[in-house]
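Worksheet: the structure to be examined is printed underneath.
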Amino acid sequence: TCCPRRIEAVPLPPLAEPTSDTIVPSAAVEDVLPVISLKSPPEASLEPAPPVELAVGPTETPVEAPEPPSEQPNETPVVEEAHVVTVEPPAEPVPPEVVEERLRQKIKAELELTLEEEISKRRQALQKHLEEHRALAIAEAEAAAQAQVEQQVKQTLEAEKAAYMENLTQSIAKERMKTKDEKLMVQLYWMELKAHKLELREEEMKKRNALYKEHIAKLESKCSQFYKVTADSFQKGKEETHNRFARFNIQPVCGDLQSQILKCYQENPGKTLSCSAIASAYMQCVNKAKVDNMSSRA
């Protein structure tokens with residue numbers, strides 16, 4: 001690339017007779033200047049270009065005024081286009097405060113995202129724990145309510161039965177004391193029949209209670225047998241496992257010398273030479289044990 005060319009002033013020869021060749025049309029100059037100004041970037045023109053000198057000689061004949069550029073033919077003087085290098089301005093350095101603020105915002109966003117995820121996990125775990133406790137509380141409340149209802153029904157039936165029997169006994173006694181009429185005897189008969197029905201119903205309830213207790217006892221017996229079979233199977237499997245795998249009793253080689261070395265090092269920290277004799281005896285014992293082991297295997 002090269003710098004844009006400039007139009008330099010050309011020295012004119014001495015004045016001569018005026019000719020038409022010495023006149024430079026102003027329209028041509030006006031056509032050249034816009035082309036040059038469009039091709040050159042604003043950054044490249046650091047200093048103003050020198051003025052263009054035009055040689056105009058006197059003439060006797062009147063010079064016609066040039067026509068406007070819009071009415072001139074398309075034939076324009078060929079001007080060599082200059083190769084222009086566009087130099088982009090260097091990027092402005094980002095201030096440290098902006099970088100620190102961006103980094104702080106990024107770390108804040110990451111921390112907020114991590115915190116939201118942790119909060120969501122804790123909330124889900126808490127919700128699950130709450131649902132479990134709620135289900136357990138509902139089950140316990142239902143069981144307690146059922147037991148309370150059964151107890152209240154039982155107490156009500158017993159109270160009604162006692163009251164009914166008491167009223168019935170009193171009525172029978174009164175009727176017997178008042179009259180021995182046949183009609184009263186018939187009424188007494190029906191009352192006794194009702195009492196008999198109540199007794200039969202009570203006996204039936206007792207039978208059902210005994211049947212339920214027997215059924216519960218059978219279930220408990222089955223459960224105990226199942227637990228017993230399971231325990232026996234576990235014990236049998238345990239014994240088979242112990243019998244399948246052999247046990248070995250391993251004792252350390254030269255254990256007394258090893259404990260003496262450890263005690264010597266603890267009593268003499270930093271003085272390794274003080275325990276060299278025990279260490280040498282320990283190494284000899286270990287080597288002898290290795291030789292004995294190899295000979296026994298052979």
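Cβ coordinates come from backbone N, Cα and C, glycine included.
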For TrEMBL, the entry coiled coil belongs, out of 108-136, 224-252, to 108-136
For the coiled coil (108-136), the mean pLDDT of the predicted model | 92
